[in-house]
Each structure stands twice: as structure tokens, then as C-alpha cells.
Amino acid sequence: MGSGPRGAVSLLLLMLAPPSCPAADCPAPCSCAGTLVDCGRRGLTWASLPTSFPVHTTELVLTGNNLTALPSGLLDALPAVRTAHLGANPWRCDCRLVPLRAWLAGRPERAPYRDLRCVAPPAVRGRLLPYLAEDDVRAACAPGPLCWGALAAELALLGLGLLHALLLVLLLCRLRRLRARARARARAALRLSLTDPLVAEQDGTDES
């Protein structure tokens, strides 16, 4: 009977404890201990970063890698995460960083992330990630395929506009020439009509 209350308390604590990550769910090359996933100092980049982590992860360590951004939705898929260690990474604060900036903006505490700074591009170099406005991040975006496509479309429209303007100028010049010729012919016909009676009268005078 004496062990009954202690057994009940132990069972309750076991039920309340967060589930640990099975070894099979621990992504390579990280190491896992309980709900802690340690991927720090593994030389990870955007391309080599694991695409997913155990859903019960409460602490994620990504410190000391070569990460310039995180894939969209990576942290949002971990609702149990209380802390993500992201320091000592060369964060590039452009379009790719928008998801991470949004995730940081939604954290109740920003103090653990105040050492995160932008390394590039030059416009935002040295700025603190948690206090970076989304407009600042988007303004630093390099032109993507859509931007280049829109630019090409604008240039094509500009070229068509210039071509139409050139054709219009040529048409106006042609019309002016035709009008000038018509006026010249009209003046010549008028002169001819005025000189014909004089010639006829002169011929009649000569005959008499």
C-alpha cells in the first residue's frame, strides 16, 4: 500500500513528460537526446540541412553551421519547439529569409535570438534578424525568374511601342509628301489653266 501513491506520482510524471525522439527519427548527421536535436557545428548548408525533424522536438541546435536561410515551413512544422539555437551562421537576409523572420517575429521572447545578424546583402549587413522588417528583407531580394520575366515583358512592350511610334512617324512623313505632291500638281494645273487662254488669245491675234 505504501508504494501506491509513489507509483501513481511516477506514472503521472511519466505521462506528463514530453515524448522522446526515437533513434530512428533522429535525422543524420544530428544527434538526439530526448526531445533535444543537436545539429550544431556539422557544416550544414541550405542543401545539406535535414528536410524535417522529429515533431516532438522542444530544443533544436543549428549553431555554428553555414546556413544562409532555412527552408519555408521547417520551424513551423515543430509546434513543440521552445528554443532554436541559430547563432554563428552566415544569414543572408533576402527573400529566402522571409519564413525565418516571420517565425522569429512570432516568438514571445526575442532575447535568445538577439545575436543573429545579417551577413549579406550589403544593404542590411549587420542588422539584427529579430528586428528586421519584412519590407527590408524583400527590398534586398535579388531579381528572381518572375522579376526577369516581367522585365523581359516590359522591354518587349517598350520595343513594340517604339516600333509603332516609328511606323507612325514614317506614315506621317509619307502623308506629308503625298500632300506636298498633290499641292504641287494643283498649282501646276492652276498655272496651266491660267496660261492656256492667254496662249489661245495670242494665237488668234497672230492669225488676224
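Just so it is clear, glycine is given a Cβ too, placed from its N, Cα and C backbone atoms.
Only one of Cys26, Cys30 is recorded by Swiss-Prot as the disulfide partner of Cys32: Cys26. Bond annotation: of Cys21, Cys30, only Cys30 is listed by Swiss-Prot as forming a disulfide with Cys39. If you go by Swiss-Prot, Cys118 shares a disulfide bond with Cys93, out of Cys93, Cys141, Cys147. Burial estimate for the disulfide-bonded residues (Cys30, Cys93, Cys118): highest at Cys93, by number of other CB atoms within 10 Å. Spatially, by CA atoms, the recorded positions Cys30, Cys39, Asn66, Cys118 include one closest to Cys95 (disulfide bond), and that is Cys118.
Ranking the disulfide-bonded residues Cys26, Cys30, Cys32, Cys39 by the distance of their Cα atoms from the Cα of Cys93 (disulfide bond) places Cys39 first. The distance from the Cα of Cys26 (disulfide bond) to the Cα of Asn66 (N-linked glycosylation site) comes to 20 Å. Nearest neighbour of Cys141 (disulfide bond) by Cα distance, taken over the recorded positions Asn66, Cys118, Thr195: Cys118.
Among the recorded positions Cys39, Asn66, Cys118, the ones whose Cα sits within 10 Å of the Cα of Cys32 (disulfide bond) are Cys39.
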